[in-house]
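Peer 1: Here it is: the structure, laid out below.
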């Protein structure tokens, strides 16, 4: 899937490593968690 920015990645996506995986269908899979607290985005930003 596409990469997305977790809260722990820093305030901007420029020059930072995107450690999350964008999950569009439903919630994050089992064993993963949503690593994005807030913001206008589609789906969930999931991380193992």
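Note that Cβ sites are derived from N, Cα and C of the backbone, with glycine treated the same way.
Straight out of Swiss-Prot:
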DISULFID  4-45  disulfide bond
DISULFID  6-35  disulfide bond
DISULFID  28-46  disulfide bond
SITE      16  site 'Important for toxicity'
Peer 1: In which DSSP state, out of helix, strand and coil, do we find residue 46 (disulfide bond)?
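Peer 2: In three-state terms, residue 46 (disulfide bond) counts as strand.
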Peer 1: Measuring Cα to Cα, how far is residue 35 (disulfide bond) from residue 28 (disulfide bond) in Å?
Peer 2: 10
Peer 1: 10 Å Cβ neighbour count around residue 35 (disulfide bond)?
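Peer 2: Within a 10 Å radius of the Cβ of residue 35 (disulfide bond) lie 20 other Cβ atoms.
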Peer 1: Report the same-chain neighbours of residue 16 (site 'Important for toxicity'): residues 6+ apart in sequence with Cβ closer than 8 Å to its Cβ, ordered by sequence.
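Peer 2: The answer is 5, 9, 10.
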Peer 1: Can you tell me how many other Cβ atoms are located within 10 Å of the Cβ belonging to residue 45 (disulfide bond)?
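Peer 2: Its Cβ has 25 other Cβ atoms within 10 Å.
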Peer 1: Work out how many Å separate residue 6 (disulfide bond) and residue 28 (disulfide bond) at their Cα atoms, rounded off.
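Peer 2: The Cα atom of residue 6 (disulfide bond) is 13 Å away from the Cα atom of residue 28 (disulfide bond).
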